[in-house]
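A.B. asks: Have a look at this one.
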Amino acid sequence: MFADYTTSELMSIFAMQGFAGLILFSVFVLMALGLAIIFGQMGVINMAHGEFMILGAYITYLTSNVFADYMPNLFGAYFFIAMILAFIAAGALGMLVEWAMIRHLYHRPLDTLLATWGLSLILQQCYRTIFGAREVGVTLPDWLMGSFQLTDIIEVPINGIFVMTLAVGISVAIAALMYKSRWGIQVRSVVQNRPMAGAVGINTARVDRLTFGLGCGIAGVAGSAFTMIGSTGPTSGQLYIVDTFLVVVFGGAASLLGTIASAFTISQAQSTMEFFLSGSMAKVLTLLFVVFILMLRPQGLFSLKVRR
Amino acid sequence: MNSSNTDFVLAVEGLTVSFDGFKAVNDLSFYVDKNEIRVIVGPNGAGKTTVLDLVCGRTKATEGSIKFRNKELTKMKEHQIVRAGVGRKFQTPSIYGDLTVFENLEISFPRGRSVLGALAFKRDAEVLQRVNEVAGMIFLDERLHTRGDLLSHGQKQWLEIGMLLIQDPELLMLDEPVAGMSVSERRKTAELLRTITKDRSVIVIEHDMQFVAEIADKVTVLHQGKILAEGSAEHVKQDPKVIEVYLGH
Amino acid sequence: MGTLKNAQAGLGGRLPSLMKGIASAVAGATMVLSAAVNAAPATSEVNTTGLAVTDDTVTVGILHSVTGTMAISETGSVQAEKLAIEQINAMGGVLGRQIEYVQEDGASDWPTFAEKSRKLLLQDKVATVFGCWTSASRKAVLPVFEQYNGMLYYPTFYEGLEQSPNVIYTGQEATQQILAGIDWVTKEKGAKTFYLLGSDYIWPRTSNKIARKHIEKLGLKVVGEDYYPLGHTQFNSIINKFKLKKPDVIFASVVGGSNVAFYKQLKAAGIDMTKEKPLVLTISVTEDEILGIGGENIEGAYASMKYFQSLTNDNNQAFVKAFKERWGDDIVIGDVTQAAYLGPWLWKAAVEKAGSFDVDKVREASPGIELTTAPEGYVKVHPNHHLWSKTRIGNAKTDGQYEIVYETDELIEPDPFPEGYQ
Amino acid sequence: MSYAGLRSLLPKNDLINFAVLALILVVVLPLSLDIFRLNLVGKYLTYAFVALGLVLCWGYGGILSLGQGVFFGLGGYAMAMFLKLEASSPENTAIQSTPGIPDFMDWNQLTELPWFWQPFHSLTFTVIAIIVIPSIFAYIIGVAMFKRRVGGVYFAIITQAVAAILTILIIGQQGYTGGVNGITDLRTLFGWDIRTNEAKYVFYFLCVFMLFLCLGVAQFVRKSKLGRLLVAMREMEDRVRFSGYDVANFKIFVFCLGSAFAAIGGAMFTLQVGFMSPTFVGIVPSIEMVIFCAVGGRLSIFGAVYGALVVNWAKTTFSESFPELWLFAMGALFIGVVMAFPNGLAGLYTKYCEPKVNQLIARFTGKSNDTSAELAPQMKTEGGNP
């Protein structure tokens, strides 16, 4: 299939495809980070993760409308405000959910899965009632549109770079928070030995709530960023859920590094296969590949035990 | 073949296991005779539980061999090891809380262990008789229809021992059988141990030296994955290295 | 639910003769009264098969998804059908009877569609049903309509390959929509190479098959064909393939949430559709979809379908005005919404031509029914139950509307089983 | 079987449950509902097969599969393939370019029947395939997962991925599977029109009969030592292993059994609804099937049937009157059942109703009933879940 092209064209295409893989990687990282924190640190399966992302997307939509109506000259900057608001809103909802629901279910991980599925249905219907059944279009500031022309063929989309920067930034921030801050130490100590952490004066309930809130907040930011590349509708969140779970499970949920490594593997596999096969077959093969690897190496990837 | 066949019930030779470079058990060798009660003692982290895990197949050895009646265990799966005649009691009592004492024992009865066998399993006279017999030995004959959850801590420990007895294993491994027991329960347990060890070999992990002295034929002291001393209870108590390890900390 | 006729017969059978006289007198009086007001024909004449028709009402069914993933698309159709029914009622109804509707939710779930259609036909005895959107939902209800002899007005443009006596297809079948579009880009834009892209299900696959045959017949080249699962959101790889193959035309039939992702990513990857290099020709993006995509993300793309909201004829201006008055100013109207609006009007015309609500008579009367008041202009029912209609090419603008750049001169004949395209 | 054996297999409480369910399904519902509603009940009951399988897998074995739709679908597709072939006789499909093959194949330029469709000309093969193919598939998944000790949440997610894969495959390979539309327009079974009311009655009773057959098997498994082993494994898997059992084999067995139940349900679904489509294979229906089981009570085989009936009945009623509220109600149901009533309807029944029923029976028979002397005690788990 490559006979018709010159070497330089081929090189450019491979560069482009590599870049497409990197964008996919960033998208996966953003999707999965929040879930990885919640699943990895707390053992909770949050099936409503996609709905928290869409909450972030709707917040972005509202913010863009407010800016367009009242502060049109500041419109270029609204995206940052929107991401912060998305983080706060999704995080706050997450903490509320933790308080009302999740904390009663810590010893029953499979039940959190069902309960949060119920939550996702309720959230979807809320979105539908508030924003209507149709998808909403989010207007992006001009500076996020378009691309850099590097060579004749190689063009780098600006929003791709933005998503990548965001993914890297959030990963670094989370890593710093988890491994450097006092709060991160508390989270990890609660994970490892709950009664002992409680005994040495850590407010475990508060740590749980904040962890869950943080995970949901990151989902909100991801959703906000995804308004650049995807749709915003009541059921859009469901489009992401299987991919997200596979990334997290494949990574082993043990460490952020595992999640990032798995996002990288899956995204590269998928984007490579997409180039040679039809999109549907690429998806099937990627999923099969992940399931197959999980069958072969469950012990290597599942190093962290789920709290029972 | 890196070790010869022996008359020992259990022959452990050159056993090593490392977790990410940390050697929890390091080139360990010991031998257990027929009808011997061997007690393993040692400070926390000495590798006592790991040794039992290795013998019963829960942890895979990095190196070395474990022979049970001259059969190599390191390559076998857990249920195969059990069927070969090795029974194992865990440190925390692990019984089935949702099932009654009767059912707990019945499940452990060594018949109908395949899927079809379990479907075809019938509660016949032999089962009833064995269950009642064992329940009597472990002081639970009055509580046969109590749910496991509702037993006291000590009763759970006994129940688990009973679940091993009903399999009639040749080698019985008990991890801290009297931990958390009251004085009277402890006395009854020692009595129980003496009756059940009549015709089988037993490995016991225990901290309580008084209890050890009461039951042990031979004591092995583990320290940092290696054998520090071996011999009678009196003998190891006098060993300066053992005193150093126990009191030096 | 019995009809008045049945009720009278039932009464007559059971009551003594004295009562019988009274009953028939009452019935007679009612008939005289309604005749005086509406000049409506007697119920017993216009309804011989036990449908839910009374002296002054007729009940029809509306069957769309109000919940679930398809609710996004089907809302417009429900609105259009209700508007048409209200307008017909305001004009005096059908055969002097006001239309009442029973609305059921298909919940984006095909067995639910089948279940609800069975309910509408068996329990509610509706005279006709306006509904369904996806092919799958239509396929699910089709056996039900054929078994119980119901009538369905189906609004969506679809893949063809079907011709049921119990369905009137008010949207275009694939060849009507596609051939004119491809002819136009070839003739007007000098396109030589095409890349076919679709979501992975029957409509895009069939459409692309027709497109491919036609392109090859014209002596031109298809340089690539690709399908992504429904709901797929990552299109960077396909965009790279575009860059590699450099097609003149990207022929896109991506649907749903994928649509939004596709156009946003296309734009972000530096493909400026207004430059028409490559040119994007879609058959799946109506004004409804642009709401979600955002006008600025799809500006410059061409769409090939039979109706755009920006049509300037009088019919359409009145329609758009009425629609906005009824459902709000910020609403947009797409191809399917208009086709759904045609349903009740076509049914009314057929019923009046037949002089009866009986499904068999309506079916017999349907071929040849014309509608001069259709927002899209003039339409006519073909004997194969599809509509003759024009196809138009629109160019997407930032405000989310299409500017119409081309319109076929003649009505295109519907051809659900196109020879040489299968 | 001896009387005592029967007694231990079917203690009095269960006997009453069987009788009540039979009374409802065989007598009360057919007499009180018209054929349209009865057909709906029949459709709901097909989900009860899946829920029943989940009671064994999830409630007893602690294995939560979020991909039961896969097996439901495989069974349903097998049945649909047979019926579709009969509906696609050369006479019926004379207008096609290749008569004698299903219409969707003709649209996709297939000119002959694919090899894997050929055996579905035979009803015998089809009936065997309905049970065997999903079981083999479940066996493969089970061996791959359980032998490697993948369990709990991981198993749930992987089964979910399997459901996603199969959905994409079915939709993508539309020439062989009918794609997103599924296999529709099924008409006759050996020339007998399956769309008539008479046929619907027959299929309803066939469905009820099969359900009782499966309930019987489930009851047998539950009351056998294998049933107790499942509970034991759910609580203390290591202990079971160190009692000399190969734990994986038992999990594989119960997973296969649950899948076979689901597949029978799928086949019954096809017969009663008249088509099969990939929408029943995916993640969403699979999770909904879990909720039928949870609402009924994850430890009660009868609860599974009532759960499937009640939730679906509520879904139909709610969506007829308040379509907007349905998702709220469904969501609240999920959360409520998980948080407040982990044992579902069955749990409520044993807590509040059963004592009264027993009193009533005691009063009528004049016997004291407080001993509950069955050898196998009732399980009264509080949210029993690993």
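Glycine is no exception: its Cβ is also placed from the backbone N, Cα and C atoms.
Remember, TrEMBL labels are computer predictions, not curated facts.
As listed in TrEMBL for this protein:
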- D:15-33: transmembrane segment (TRANSMEM)
- D:45-74: transmembrane segment (TRANSMEM)
- D:123-146: transmembrane segment (TRANSMEM)
- D:153-172: transmembrane segment (TRANSMEM)
- D:201-221: transmembrane segment (TRANSMEM)
- D:242-269: transmembrane segment (TRANSMEM)
- D:289-313: transmembrane segment (TRANSMEM)
- D:325-349: transmembrane segment (TRANSMEM)
A.B. asks: I need to check the long-range neighbours of the transmembrane segment (D:289-313): which residues 6 or more away from its ends have a CB within less than 8 Å of a CB in the stretch?
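C.D. replies: For the transmembrane segment (D:289-313), the sequence-distant neighbours (Cβ-Cβ under 8 Å, at least 6 residues beyond its ends) are 17-18, 21, 40-41, 43-45, 47-48, 50-52, 54-56, 58-60, 64, 66, 68-69, 72, 211, 215, 218-219, 222, 262, 330, 333-334, 337-338, 342-347, 349, 379, 381, 384-385.
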A.B. asks: Residues sitting near the transmembrane segment (D:123-146): Cβ under 8 Å, six or more positions beyond its termini, same chain?
C.D. replies: 70-71, 74-75, 78-79, 81-82, 155, 158-159, 162, 190, 247-248, 251-252, 255-256, 258-260, 262-264, 266-267
A.B. asks: Which of D:201-221, D:242-269, D:325-349 shares the most C-beta pairs under 8 angstroms with the transmembrane segment (D:45-74)?
C.D. replies: D:242-269
A.B. asks: Would you say the transmembrane segment (D:201-221) and the transmembrane segment (D:15-33) are touching, if the rule is that at least three C-beta pairs must lie under 8 angstroms and be 6 or more residues apart?
C.D. replies: yes
A.B. asks: Which sequence-distant residues neighbour the transmembrane segment (D:201-221)? Criterion: at least 6 residues beyond either end, Cβ under 8 Å.
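C.D. replies: Distal contacts: 9-10, 14, 18, 21-22, 25-26, 30, 35, 38-39, 41-42, 45-46, 48-49, 52, 55-56, 194, 227, 254, 257, 261, 264, 268, 271-272, 301-302, 305.
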